[in-house]
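Copied over from Swiss-Prot:
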- 1-11: compositional bias 'Polar residues' (COMPBIAS)
- 14-23: compositional bias 'Basic and acidic residues' (COMPBIAS)
- 24-38: compositional bias 'Polar residues' (COMPBIAS)
- 256-266: compositional bias 'Basic and acidic residues' (COMPBIAS)
- 75-223: domain 'UBC core' (DOMAIN)
- 1-45: region 'Disordered' (REGION)
- 256-293: region 'Disordered' (REGION)
Amino acid sequence: MNPFWNMSSASVRKRSENDEKISTGDQKISPPRSSSAKKQLPPIPKNAVPITKPISPSLSVQSTNGTHASYGPFYLEYSLLAEFTLVVKQKLPGVYVQPSYRSALMWFGVIFIRHGLYQDGVFKFTVYIPDNYPDGECPRLVFDVPVFHPLVDPISGELDVKRAFTKWRRNHNHIWQVLMYARRIFYKIDTTSPLNPEAAVLYEKDVQLFKSKVVDSVKLCNSHLFDQPKIEDPYAIIFSPWNPVLHDDARERMLAQKKKSEEQSKGLHVSGLSWVKPGSVLPFSKEENSLQT
(Lines of atoms letter the chains of each structure in order from A and count residues from 1; the text may use other names and numbers.)
(Lines give C-alpha, C1' and ligand atoms only; values in the text may rest on other atoms or scores of the structure.)
Protein backbone atom coordinates (compact mmCIF):
# COMPACT_ATOMS: atom_id res chain seq x y z
CA MET A 1 0.00 0.00 0.00
CA ASN A 2 1.14 3.50 -0.74
CA PRO A 3 2.90 5.01 2.37
CA PHE A 4 1.42 8.38 1.46
CA TRP A 5 -2.11 7.08 2.02
CA ASN A 6 -1.06 5.30 5.27
CA MET A 7 0.36 8.54 6.60
CA SER A 8 -2.72 10.50 5.55
CA SER A 9 -5.21 8.08 7.11
CA ALA A 10 -3.22 7.95 10.36
CA SER A 11 -3.22 11.72 10.64
CA VAL A 12 -6.96 11.79 10.03
CA ARG A 13 -7.56 9.29 12.84
CA LYS A 14 -5.45 11.34 15.26
CA ARG A 15 -7.31 14.52 14.40
CA SER A 16 -10.69 12.82 14.89
CA GLU A 17 -9.66 11.50 18.35
CA ASN A 18 -8.48 14.94 19.47
CA ASP A 19 -11.66 16.54 18.18
CA GLU A 20 -13.77 14.15 20.25
CA LYS A 21 -11.87 15.06 23.43
CA ILE A 22 -11.97 18.83 22.88
CA SER A 23 -15.37 19.48 21.35
CA THR A 24 -18.30 19.79 23.78
CA GLY A 25 -21.04 20.85 21.37
CA ASP A 26 -23.40 18.70 19.35
CA GLN A 27 -21.80 16.53 16.76
CA LYS A 28 -22.82 16.96 13.15
CA ILE A 29 -23.58 13.73 11.42
CA SER A 30 -22.94 13.75 7.68
CA PRO A 31 -25.30 11.83 5.43
CA PRO A 32 -24.13 8.32 4.54
CA ARG A 33 -22.34 7.90 1.23
CA SER A 34 -23.45 5.35 -1.23
CA SER A 35 -20.84 2.70 -2.00
CA SER A 36 -21.68 2.85 -5.70
CA ALA A 37 -20.47 6.45 -5.98
CA LYS A 38 -17.18 5.78 -4.20
CA LYS A 39 -14.13 6.30 -6.40
CA GLN A 40 -11.06 4.13 -6.06
CA LEU A 41 -7.53 4.90 -7.14
CA PRO A 42 -5.66 2.55 -9.46
CA PRO A 43 -3.20 0.13 -7.81
CA ILE A 44 0.19 1.54 -6.88
CA PRO A 45 3.30 -0.22 -8.25
CA LYS A 46 5.44 -2.02 -5.67
CA ASN A 47 8.48 0.18 -6.14
CA ALA A 48 6.52 3.41 -6.28
CA VAL A 49 7.84 6.33 -4.23
CA PRO A 50 5.40 8.71 -2.46
CA ILE A 51 5.03 11.98 -4.28
CA THR A 52 5.72 13.78 -1.00
CA LYS A 53 9.22 12.23 -0.86
CA PRO A 54 11.06 12.68 -4.15
CA ILE A 55 14.09 10.48 -4.76
CA SER A 56 16.30 13.46 -5.49
CA PRO A 57 15.84 17.22 -5.74
CA SER A 58 16.29 17.05 -9.50
CA LEU A 59 13.07 15.07 -9.90
CA SER A 60 11.04 17.65 -8.02
CA VAL A 61 12.21 20.49 -10.20
CA GLN A 62 9.70 21.80 -12.69
CA SER A 63 10.52 23.10 -16.14
CA THR A 64 9.77 26.66 -17.16
CA ASN A 65 6.44 25.60 -18.64
CA GLY A 66 5.26 24.16 -15.31
CA THR A 67 5.66 20.55 -16.43
CA HIS A 68 7.15 18.15 -13.89
CA ALA A 69 10.68 17.18 -14.88
CA SER A 70 9.86 13.46 -14.98
CA TYR A 71 7.27 14.18 -17.68
CA GLY A 72 9.78 16.08 -19.82
CA PRO A 73 10.50 13.41 -22.47
CA PHE A 74 6.81 12.60 -22.90
CA TYR A 75 5.85 16.26 -23.12
CA LEU A 76 8.57 16.87 -25.73
CA GLU A 77 7.43 13.91 -27.81
CA TYR A 78 3.82 15.10 -27.66
CA SER A 79 4.83 18.65 -28.61
CA LEU A 80 6.81 17.49 -31.65
CA LEU A 81 4.00 15.20 -32.76
CA ALA A 82 1.57 18.11 -32.53
CA GLU A 83 3.97 20.33 -34.48
CA PHE A 84 4.31 17.82 -37.30
CA THR A 85 0.53 17.44 -37.43
CA LEU A 86 0.25 21.21 -37.86
CA VAL A 87 2.80 21.11 -40.69
CA VAL A 88 0.75 18.47 -42.51
CA LYS A 89 -2.48 20.44 -42.07
CA GLN A 90 -0.94 23.67 -43.39
CA LYS A 91 -0.10 22.06 -46.77
CA LEU A 92 2.74 24.49 -47.43
CA PRO A 93 3.17 24.75 -51.22
CA GLY A 94 6.42 23.25 -52.43
CA VAL A 95 7.65 22.35 -48.92
CA TYR A 96 8.10 18.78 -47.72
CA VAL A 97 9.52 17.61 -44.38
CA GLN A 98 10.17 14.26 -42.74
CA PRO A 99 11.26 13.73 -39.12
CA SER A 100 14.46 11.80 -38.64
CA TYR A 101 14.35 8.13 -37.69
CA ARG A 102 17.10 8.56 -35.12
CA SER A 103 15.92 11.75 -33.44
CA ALA A 104 12.60 13.58 -33.42
CA LEU A 105 14.58 16.78 -32.86
CA MET A 106 15.90 16.67 -36.42
CA TRP A 107 13.71 17.03 -39.51
CA PHE A 108 14.76 16.61 -43.14
CA GLY A 109 13.13 18.82 -45.75
CA VAL A 110 13.17 20.17 -49.28
CA ILE A 111 11.80 23.33 -50.88
CA PHE A 112 10.74 23.56 -54.54
CA ILE A 113 10.73 27.11 -55.96
CA ARG A 114 8.35 27.41 -58.91
CA HIS A 115 8.74 31.03 -59.97
CA GLY A 116 10.71 34.18 -59.28
CA LEU A 117 14.46 34.75 -59.17
CA TYR A 118 15.10 31.27 -57.73
CA GLN A 119 12.78 29.47 -60.15
CA ASP A 120 13.45 25.72 -60.62
CA GLY A 121 15.51 25.66 -57.44
CA VAL A 122 15.34 22.52 -55.30
CA PHE A 123 16.89 23.20 -51.91
CA LYS A 124 17.34 20.42 -49.38
CA PHE A 125 17.66 21.41 -45.73
CA THR A 126 17.67 20.11 -42.17
CA VAL A 127 15.76 21.56 -39.21
CA TYR A 128 17.41 21.27 -35.80
CA ILE A 129 14.99 21.59 -32.87
CA PRO A 130 16.25 22.49 -29.34
CA ASP A 131 16.04 19.67 -26.80
CA ASN A 132 14.04 21.92 -24.45
CA TYR A 133 11.44 22.74 -27.11
CA PRO A 134 9.14 24.66 -26.99
CA ASP A 135 10.72 26.66 -24.16
CA GLY A 136 14.11 27.26 -25.74
CA GLU A 137 15.27 29.25 -28.72
CA CYS A 138 13.82 28.99 -32.21
CA PRO A 139 14.69 25.95 -34.34
CA ARG A 140 17.64 26.20 -36.73
CA LEU A 141 17.35 25.60 -40.48
CA VAL A 142 20.47 24.70 -42.46
CA PHE A 143 20.57 24.14 -46.22
CA ASP A 144 22.59 21.16 -47.41
CA VAL A 145 24.25 23.34 -50.05
CA PRO A 146 24.62 27.06 -49.17
CA VAL A 147 22.25 29.11 -51.34
CA PHE A 148 23.37 32.49 -52.66
CA HIS A 149 20.99 34.65 -50.66
CA PRO A 150 21.40 37.66 -48.33
CA LEU A 151 19.88 35.75 -45.39
CA VAL A 152 21.84 32.50 -45.85
CA ASP A 153 25.33 32.06 -44.45
CA PRO A 154 27.61 31.39 -47.45
CA ILE A 155 29.79 28.96 -45.47
CA SER A 156 27.47 26.99 -43.19
CA GLY A 157 24.28 27.36 -45.23
CA GLU A 158 22.29 28.32 -42.13
CA LEU A 159 19.25 30.54 -42.60
CA ASP A 160 18.85 33.59 -40.35
CA VAL A 161 15.70 32.32 -38.63
CA LYS A 162 16.12 34.58 -35.60
CA ARG A 163 15.40 37.57 -37.81
CA ALA A 164 11.77 36.48 -37.97
CA PHE A 165 11.62 34.88 -34.51
CA THR A 166 13.69 37.05 -32.19
CA LYS A 167 12.10 35.34 -29.19
CA TRP A 168 10.44 31.98 -29.54
CA ARG A 169 7.07 32.00 -27.80
CA ARG A 170 5.51 28.66 -26.98
CA ASN A 171 1.88 28.19 -28.01
CA HIS A 172 2.33 31.12 -30.38
CA ASN A 173 5.22 30.21 -32.68
CA HIS A 174 5.30 26.91 -34.54
CA ILE A 175 7.70 25.00 -36.76
CA TRP A 176 5.44 25.34 -39.78
CA GLN A 177 5.98 29.11 -39.54
CA VAL A 178 9.74 28.55 -39.78
CA LEU A 179 9.19 26.47 -42.91
CA MET A 180 6.93 29.12 -44.40
CA TYR A 181 9.54 31.77 -43.64
CA ALA A 182 12.22 29.66 -45.36
CA ARG A 183 10.04 29.50 -48.45
CA ARG A 184 9.12 33.19 -48.40
CA ILE A 185 12.72 34.45 -48.44
CA PHE A 186 13.09 33.24 -52.02
CA TYR A 187 10.15 35.34 -53.19
CA LYS A 188 10.68 38.45 -51.07
CA ILE A 189 14.33 39.47 -50.77
CA ASP A 190 15.40 41.25 -47.56
CA THR A 191 18.87 42.80 -47.45
CA THR A 192 18.94 44.37 -43.98
CA SER A 193 21.66 42.97 -41.68
CA PRO A 194 22.57 40.18 -44.12
CA LEU A 195 24.50 37.01 -43.39
CA ASN A 196 25.83 37.22 -46.93
CA PRO A 197 26.89 40.86 -47.49
CA GLU A 198 27.94 40.19 -51.09
CA ALA A 199 24.47 38.99 -52.04
CA ALA A 200 22.86 41.98 -50.33
CA VAL A 201 25.11 44.52 -52.07
CA LEU A 202 24.62 42.97 -55.49
CA TYR A 203 20.85 42.92 -55.05
CA GLU A 204 20.89 46.62 -54.17
CA LYS A 205 23.55 47.79 -56.65
CA ASP A 206 23.70 45.30 -59.53
CA VAL A 207 20.56 43.21 -59.94
CA GLN A 208 21.74 41.58 -63.17
CA LEU A 209 24.90 40.24 -61.56
CA PHE A 210 22.84 39.12 -58.58
CA LYS A 211 20.51 37.19 -60.92
CA SER A 212 23.50 35.59 -62.62
CA LYS A 213 24.90 34.37 -59.31
CA VAL A 214 21.47 33.11 -58.28
CA VAL A 215 21.23 31.06 -61.48
CA ASP A 216 24.66 29.58 -60.77
CA SER A 217 23.60 28.81 -57.20
CA VAL A 218 20.43 27.07 -58.36
CA LYS A 219 22.42 24.97 -60.83
CA LEU A 220 24.91 24.05 -58.11
CA CYS A 221 22.19 22.94 -55.71
CA ASN A 222 20.44 20.92 -58.41
CA SER A 223 23.72 19.26 -59.39
CA HIS A 224 24.01 17.87 -55.84
CA LEU A 225 20.39 16.74 -55.75
CA PHE A 226 21.24 13.06 -56.20
CA ASP A 227 24.07 13.05 -53.66
CA GLN A 228 23.80 10.80 -50.65
CA PRO A 229 22.51 12.58 -47.52
CA LYS A 230 25.13 14.19 -45.30
CA ILE A 231 23.47 12.56 -42.29
CA GLU A 232 22.98 8.81 -42.50
CA ASP A 233 19.37 8.17 -41.60
CA PRO A 234 16.71 5.78 -42.98
CA TYR A 235 14.21 8.66 -43.23
CA ALA A 236 16.52 11.13 -44.97
CA ILE A 237 15.13 12.55 -48.21
CA ILE A 238 16.90 10.97 -51.19
CA PHE A 239 16.43 11.84 -54.86
CA SER A 240 17.24 9.48 -57.72
CA PRO A 241 17.23 9.98 -61.51
CA TRP A 242 14.04 9.14 -63.37
CA ASN A 243 13.73 5.41 -63.92
CA PRO A 244 10.77 4.47 -66.17
CA VAL A 245 10.66 0.94 -64.76
CA LEU A 246 10.13 2.24 -61.23
CA HIS A 247 8.55 5.64 -61.65
CA ASP A 248 6.13 5.32 -64.59
CA ASP A 249 3.84 2.94 -62.73
CA ALA A 250 3.88 5.10 -59.59
CA ARG A 251 3.14 8.19 -61.67
CA GLU A 252 0.16 6.52 -63.35
CA ARG A 253 -1.27 5.42 -60.02
CA MET A 254 -1.00 8.94 -58.59
CA LEU A 255 -2.65 10.50 -61.65
CA ALA A 256 -5.41 7.88 -61.62
CA GLN A 257 -6.10 8.53 -57.95
CA LYS A 258 -6.24 12.27 -58.58
CA LYS A 259 -8.62 11.83 -61.51
CA LYS A 260 -10.84 9.52 -59.46
CA SER A 261 -11.02 12.04 -56.62
CA GLU A 262 -11.94 14.84 -59.03
CA GLU A 263 -14.70 12.75 -60.60
CA GLN A 264 -16.11 11.83 -57.21
CA SER A 265 -16.17 15.42 -56.04
CA LYS A 266 -17.77 16.50 -59.31
CA GLY A 267 -20.40 13.78 -59.06
CA LEU A 268 -21.28 14.74 -55.51
CA HIS A 269 -21.70 18.33 -56.58
CA VAL A 270 -24.03 17.44 -59.48
CA SER A 271 -26.12 14.73 -57.84
CA GLY A 272 -26.35 16.29 -54.41
CA LEU A 273 -29.70 16.70 -52.72
CA SER A 274 -31.65 19.81 -53.59
CA TRP A 275 -34.68 21.15 -51.80
CA VAL A 276 -35.73 23.30 -54.76
CA LYS A 277 -37.94 21.85 -57.48
CA PRO A 278 -36.51 22.29 -60.99
CA GLY A 279 -38.04 25.37 -62.59
CA SER A 280 -38.96 26.86 -59.22
CA VAL A 281 -37.21 29.38 -57.00
CA LEU A 282 -39.18 28.50 -53.87
CA PRO A 283 -37.31 26.60 -51.14
CA PHE A 284 -38.58 23.17 -50.05
CA SER A 285 -40.52 22.88 -53.30
CA LYS A 286 -39.07 19.55 -54.44
CA GLU A 287 -41.54 16.69 -54.79
CA GLU A 288 -41.51 14.19 -51.93
CA ASN A 289 -41.36 11.10 -54.15
CA SER A 290 -38.10 12.36 -55.65
CA LEU A 291 -36.49 12.16 -52.21
CA GLN A 292 -37.35 8.49 -51.75
CA THR A 293 -34.55 6.00 -52.29
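Residue numbering: from 1, along the chain as shown.
Glycine is treated like the rest: Cβ placed from N, Cα and C.
Per-residue confidence over the domain 'UBC core' (75-223) averages 94 (mean pLDDT, predicted model). Applying DSSP to the domain 'UBC core' (75-223) sorts its residues as follows: 55 helix, 26 strand, 68 coil. Across the compositional bias 'Basic and acidic residues' (256-266), DSSP assigns 11 helix, 0 strand, 0 coil.
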